[in-house]
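A.B. asks: I'd like to ask you about the structure that follows.
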Ligand code: 5GP
């Protein structure tokens, strides 16, 4: 998606370990106009998919997911990173975060992820695919169906996308970063 690629090149910042910071328009300050355009693009790309629920993981996936849910007029459920003491009827899984170098529990209530749900997962980044694998596990535990996964930014050099596509999952990424070597952002045409 042209506008996103241009914005990444303009405002994205490279960090050691293959991390791209987009705090200027996605992860800290947010640009709602661009966020809306990205959601419109997801709606276009998943137009032939039957969806009844949008899912994400807190916190950074919530903004793009709610935009998609708003346009599709569908509920948006976010998996929580801390298991709340008051939440009953929970599904849980473990996710390793390479940006934070730790494993955390991710959970969602069976009240909001239900058998038969057709789930579109939306997140900000796809890197190694660990968050995505956690979501696949939660959706499976719920007896729901994962009908697609949409990412604002995929870092193809970390190969999570290869894994998901090999599983036959419909993956859409609005910008694909091929390399961050030497702190130079190389985006797929
Ligand atoms: P994965 O689980 O695919 O390895 O990583 C995806 C998650 O890690 C995303 O939800 C995102 O929050 C975070 N993440 C991975 N790579 C980056 C990155 O380069 N920049 C930022 N800001 N977050 C990232």
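If you go along the chain as it appears here, the first residue is 1 and each next one adds 1.
Cβ atoms are placed via backbone N, Cα and C, with glycine included.
Unlike curated entries, TrEMBL annotations are predicted automatically.
Positions annotated as xanthine binding site by TrEMBL: 20, 27, 155. Annotation source TrEMBL lists domain 'Phosphoribosyltransferase' at 48-155. Summarising the annotation, TrEMBL assigns 5-phospho-alpha-D-ribose 1-diphosphate binding site to 127, 128, 129, 130, 131.
I'm curious about the neighbourhood of these features; can you describe it?
C.D. replies: In the three-state DSSP classification, residue 27 (xanthine binding site) falls within coil.
The residues of the domain 'Phosphoribosyltransferase' (48-155), classed with DSSP into helix (H, G, I), strand (E, B) and coil, number 24 helix, 46 strand, 38 coil.
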A.B. asks: Taking the Cβ of residue 155 (xanthine binding site) as the centre, how many other Cβ atoms fall within a 10 Å radius?
C.D. replies: 23
A.B. asks: Which entry in the list of binding-site residues, 20, 127, 131, has its Cβ near the fewest other Cβ atoms, using 10 Å as the limit?
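C.D. replies: Checked 20, 127, 131; of these binding-site residues, fewest Cβ neighbours within 10 Å: 20.
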A.B. asks: Pop the Cα-Cα gap between residue 155 (xanthine binding site) and residue 129 (5-phospho-alpha-D-ribose 1-diphosphate binding site) into the table, whole Å please.
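C.D. replies: The Cα atom of residue 129 (5-phospho-alpha-D-ribose 1-diphosphate binding site) is 10 Å away from the Cα atom of residue 155 (xanthine binding site).
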A.B. asks: Using C-alpha atoms only, work out the spacing between residue 127 (5-phospho-alpha-D-ribose 1-diphosphate binding site) and residue 155 (xanthine binding site) and round it to an integer in Å.
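C.D. replies: Distance between the two Cα atoms comes out at 5 Å.
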A.B. asks: Spatially speaking, which of the binding-site residues 128, 130, 131 is closest to residue 155 (xanthine binding site)? Use C-alpha to C-alpha, please.
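C.D. replies: Comparing Cα positions, the closest of these binding-site residues turns out to be 128.
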